[in-house]
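Report on the following structure.
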Amino acid sequence: MSVQDYLDNHMLSRKIEDAVNAAVRAKASDPVLFISNHMKKAVPSVITKVKARQILDSRGIPTVEVDLHTNKGTFRASAPSSDVSGMYEAVELRDGDKGLYLGNSVTKAVKNVNEKISEALVGMDPTLQSQIDQAMIDLDKTEKKVPLYKHIADLSGKGHLTLPVPAFTVISGGKHAGNNLAIQEIMILPIGASKFEEALQMGSETYHHLKKNMAHMDVMLVKMAVLLPTSRGNVREVLDLVKEAICRTGYNEQIKLAIDFAATDFCIGTKYDLDYKSADKGQNFKSADDMIEMYKELCSEYQIVSIEDPFDKEDWEHTKRFSSLGICQVVGDDLITSNPRRIKRAIEESTCNALLVKINQIGTVTEAIEVMKLAKDAHWGVVMSHRCGETEDSFIADLAVGLSTGQIKAGAPCRGERLAKYNQLLRIEEELGDDAFYAGEDWRQSS
């Protein structure tokens, strides 16, 4: 091929002419530099290198971080992790060598990225998300991409961008906490805020009032460890603490409560033991019907607007019965694990009315968009969620805005790996300016 043929095939003469004209119009002080930068922008993006390494998540457990190199820049992302909650979600690849991080090292996953996945992706256009995801699916490996919120909106076909209502965790219990509280999380939702910045302020002020009321978080944990042994008293006393903190902020009508019961953790056969963490526990087991009555009372007394995993992950019947009451949002996490087959079943059987999306639970961005569409088409609420083993990666903030989920669950308004998501939402809201829309009162109906 002659030089002229090469120039003609790539339309370089036209591109050079456009660059020169642009430099003239801009009255560039350094035309050569201007033309050079203009030509770089005209060159298609291409992946030149994929480099993975092992880092630690918020629990001090290894996870994977990836640097994606293109001809236009380098981008970094890290994968959060969690305790695998069931057989229906994507499985994390860990080494299993007890001599390294107690079997939790991820050097095999890093090697897969640096060798097999890198080889498959180098040369691809990084903006072709579905093709990249499919290439990784074909390799039967899990790795997520990190496009910006606008790119995500384009991928999903959404023209409307929404800042989600944050579900701030203010008290933690369950299997991950060192107290007697059986339920996993009590959260506050500032649905009465006018914008995300105000919602973050409400969440932070309430969190710190709660902390101050107990003098110190350590004192609060001690207090919760000696609460009444009955499950009824335990839950109610903690909810009273949260309500008191909300009252002190003056946001009574603007903040609602939500609870993640994670009931699978305290389900024994067909009974539920909310005292399972108590040292001197008795035989105070509740039937599923008893739990429904308790949920009805709590929702009425404490203005609880959302309950996650109210029953065991395989108890479809009682989850459906509770959801049919229509007294609050019923979120499926362990029940459906972002799995499309289980989501379709839940939709067909009207088992719950909201989906918790964990990006690495389903596998790829493309698949996450698909399951989110399933939920939205069924008029469900959608909650974008973090994992218990988090990193400083803020990707789910962009994902929540790009997909207009309306809700995001990223933990307490403290600690770097949690604040990374909330701070990114602040940046996005600022960037959108007058076009920024906060879900607020429409937190469940966001389009």
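From the backbone N, Cα and C atoms, a Cβ is placed for every residue, glycine too.
Curation does not apply to TrEMBL; its annotations are automatic.
Residues or ranges marked as domain 'Enolase N-terminal' in TrEMBL: 47-152. Counting residue by residue with DSSP, the domain 'Enolase N-terminal' (47-152) contains 32 helix, 26 strand, 48 coil.
What TrEMBL records for 160-446 is domain 'Enolase C-terminal TIM barrel'.
The annotation Mg(2+) binding site is assigned in TrEMBL to Asp260, Glu308, Asp333. In this view, Asp333 (Mg(2+) binding site) is surrounded by 26 other Cβ atoms within 10 Å of its Cβ, with every protein chain counted.
Sequence-distant contacts (6 or more apart, same chain, Cβ under 8 Å) of Glu308 (Mg(2+) binding site) comprise Glu185, Ala258, Ile259, Asp260, Phe261, Ala262, Val330, Val331, Gly332, Asp333, Leu356.
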